[in-house]
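**Q** Got a structure for you, questions after.
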Amino acid sequence: MEKLLIEGGRALNGTIRVSGAKNSAVALIPATILADTPVTIGGVPNISDVKMLGDLLEEIGGRVTYGQEEEMVVDPSNMVAMPLPNGKVKKLRASYYLMGAMLGRFKKAVIGLPGGCHLGPRPIDQHIKGFEALGAHVTNEQGAIYLRADELRGARIYLDVVSVGATINIMLAAVRAKGRTVIENAAKEPEIIDVATLLTSMGARIKGAGTDVIRIDGVDSLHGCHHTIIPDRIEAGTYMILGAASGGEVTVDNVIPQHLESVTAKLREAGVQVETNDDQITVNGDRRLKVVDIKTLVYPGFPTDLQQPFTTLLTKAHGTGVVTDTIYGARFKHIDELRRMNAQIKVEGRSAIVTGPVLLQGAKVKASDLRAGAALVIAGLMADGITEVTGLEHIDRGYENIVDKLKGLGANIWREQMTKQEIEEMKNA
């Protein structure tokens, strides 16, 4: 196992390039199951979640090859409806997209309940409600979901809560169903449009992706295509926040600025200079920071995935700010770690109250989930002294080549192997 060491206190400057969107990739890769001929996906991020999904597709008979320029080619022609109750499937939160895709193609699936980030209850009841409306019989047996259907028929499905996962999963199951499916109160995230674009290129008939009503007219079969993933707005937002936090000037390249309007607005409100053009955003962090309040909302509101990194930035701002997470109330595991670094933060219910400015101090901290990891990396870059971050497997799930990318901005950051004693201490902590 490795740990990450960061020497803080340097202003970062330069250009950092954003990879393809993790939250798109983990849905686009399972979507290839629905085709009869090979699908090529470009801009695939080199992260552990993607590698694991590729392995799972091979387990069910797919051929997965990696080409030039972050390309992944999936040949689904020999795939079978193999049950996946255990193993890798449980390590991956987004493995639930295999349910919709396998149900859509084979009319049956067995998928172990997913893992990934532990952010309190993330129920999949809306997914199951959608599958049942399409005609599937769904049971939960020994920690795996069993799905079976004689045939799938289009239905009108109203989501009780706006859920990206459920919206995409129902789309995957419905594209080859008989008749029309209407998803009401659908999520509007850019990643949903990305999945709909891939499916449409494969021959699906989908209207309304990106609005709260999506209409799908089922087709008998889908074919391969070539599709390039959108840039990762969460990675981009992380590096925008990092630029503001480090006090230098950072240009984030390969972005769609419209996807980041809520983040741009909050940074400007805090006094950060932000310039946008077609596919770049430049953040200048050398001004005094004003405190702001953050409330996470579904897209186009402020993303829950950037709540933790922004909390770190607020430790540098003058005054007291409140960060409220309306999406995942349990997403405050990073707060204790930031406190070890001298942050003044208290948690009340779904809110964190941050008082600043404080100078963060280097410390030994542990990432408990992906975006907590990003928050701690930013804290390490702001801090006086050396910060040691463990739990890198979480960071590697969603940030491609983070060490090399940050070195390119002038950060002093490196990985080291952990000793047996350190691994034991971490497990017991």
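Placed from the backbone N, Cα and C atoms, the Cβ positions cover glycine too.
As annotated by Swiss-Prot, active site, proton donor applies to Cys117, with the evidence given as sequence analysis. Residues or ranges marked as phosphoenolpyruvate binding site by Swiss-Prot on the basis of sequence analysis: Lys22, Asn23. The UDP-N-acetyl-alpha-D-glucosamine binding site annotation in Swiss-Prot covers Arg93, Arg122, Pro123, Ile124, Asp125, Gln126, Asp305, Ile327 and is backed by sequence analysis. Look at Swiss-Prot and you will find Cys117 tagged as 2-(S-cysteinyl)pyruvic acid O-phosphothioketal, backed by sequence analysis.
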**Q** Counting other Cβ atoms within 10 Å, pick out the least crowded of the binding-site residues Lys22, Arg93.
**A** Arg93
**Q** Taking only the Cα atoms, work out how far Arg93 (UDP-N-acetyl-alpha-D-glucosamine binding site) lies from Asn23 (phosphoenolpyruvate binding site), in Å, as a whole number.
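**A** Rounded to a whole number, the Cα-Cα distance is 11 Å.
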**Q** Cα-Cα separation of Lys22 (phosphoenolpyruvate binding site) and Gln126 (UDP-N-acetyl-alpha-D-glucosamine binding site), in Å?
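**A** Approximately 22 Å lies between the Cα of Lys22 (phosphoenolpyruvate binding site) and that of Gln126 (UDP-N-acetyl-alpha-D-glucosamine binding site).
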**Q** Non-local Cβ contacts of Ile327 (UDP-N-acetyl-alpha-D-glucosamine binding site) (under 8 Å, 6 or more apart, same chain)?
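**A** Set apart from Ile327 (UDP-N-acetyl-alpha-D-glucosamine binding site) by at least 6 residues yet with Cβ under 8 Å, we have Thr296, Leu297, Val298, Thr304.
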**Q** Quick check for the class: what is the C-alpha distance, in angstrom and rounded, between Ile124 (UDP-N-acetyl-alpha-D-glucosamine binding site) and Asn23 (phosphoenolpyruvate binding site)?
**A** 17
**Q** Within 10 Å of the Cβ of Asp305 (UDP-N-acetyl-alpha-D-glucosamine binding site), how many other Cβ atoms can you find? Include all protein chains, please.
**A** 23
**Q** Compile a sequence-ordered list of residues in the same chain as Gln126 (UDP-N-acetyl-alpha-D-glucosamine binding site), six or more apart from it, whose Cβ lies below 8 A from its Cβ; state 'none' when nothing qualifies.
**A** Leu159, Asp160, Val161, Ser163, Gly165, Ala166
**Q** Provide, as an integer number of angstrom, the distance between the C-alpha atoms of Asp125 (UDP-N-acetyl-alpha-D-glucosamine binding site) and Asn23 (phosphoenolpyruvate binding site).
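**A** Answer for this pair: 20 Å between alpha carbons.
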**Q** Which number gives the other C-beta atoms within 10 angstroms of the C-beta of Pro123 (UDP-N-acetyl-alpha-D-glucosamine binding site), all protein chains shown included?
**A** 10
**Q** Whole-number answer please: how many Å between the C-alpha atoms of Asn23 (phosphoenolpyruvate binding site) and Asp305 (UDP-N-acetyl-alpha-D-glucosamine binding site)?
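**A** For Asn23 (phosphoenolpyruvate binding site) versus Asp305 (UDP-N-acetyl-alpha-D-glucosamine binding site), the Cα atoms are 11 Å apart.
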